[in-house]
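These features come from TrEMBL:
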COMPBIAS  1-15  compositional bias 'Basic and acidic residues'
REGION    1-25  region 'Disordered'
TRANSMEM  33-56  transmembrane segment
ACT_SITE  H164  active site, proton donor/acceptor
Amino acid sequence: MPKAPTDLRNDDLQPKHAKPAGSPEAKKKKRSIVVLTVVLIILLCGVAAGCGYLIWQQHELDRAAEEIKNTPEPIMEQPVDDAPDNRVENPIDFTSLKQENPDIYSWIYIPHTDVNLPVLQSATNDFLYLDHNKDGEYAVEGAIYTEMANNTDFSDPVTVLYGHNLQNGTMFSTLHYFENEDFFNENDTMYIYTPGHVLTYRIVSAYLYDDRHILNSYDFSNPAVLQEYFDFVMHPDSLLVNTRTDTELSIDDKIVQLSTCMSDTNHTSSRYIVTGVLIDDQPTY
């Protein structure tokens, strides 16, 4: 029987086609493993950060919802005989609110919805309150606000208020109640409080609209343009619409339009607009 060789070298034990440990191919494979590991770590960190942000965002929305839930509804007082000029008491303490944030200039309240909120306007940045709350702090829910194109005394023929549509029902989310015809028919009043006044508006239309910037798209200083827009507000070309059929608007009217996003992903470029026309201006003390 032949004897087994005793002088085999390590090289003799390697497969014929094995690459040396230090070959370029082996180094390339090692680098690929390192790169893949780094990418996986980055992805995991990204997922963790994303989850953390979502948790924080939900916490902030829950906080905002709780704060709004605890806000008492304004109570409209009747005129009293000894009040100067038969004025009524203003239920909103604007002195305290302006100490918290001077940008707070009015308050909007719509019965039977969760809209019971301060209205703000920045003098330097139209988009500030898109992602800052009434305290001026960064917050995902933002605040209800108007832009500098509008006066803060609601004297413009068209004033536009903006607010987010959030899943927790805060800000302008419950404006979508007006999509329901029965709710629209049974709820036709909203109030805007300012220092010295309670403005009462009759809700006359609610409809799906595109996302054009209303104040920049129309020259409301032109009476013909204003009347044409008012006619559209009462007769919008929209598949989702409720209007008061007994009402028409004229150029002497003043309206507020509440603008918010739609909930479904099919209307990401659309806005839901609820419109009220001024019917009473009650002085307050």
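Yeah, the Cβs are placed from backbone N, Cα and C, and that goes for glycine too.
All TrEMBL annotations are machine predictions without curation.
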- prompt: Around H164 (active site, proton donor/acceptor), how many other CB atoms lie within 10 A of its CB?
  reply: 19
- prompt: Which three-state DSSP class does H164 (active site, proton donor/acceptor) fall into?
  reply: coil
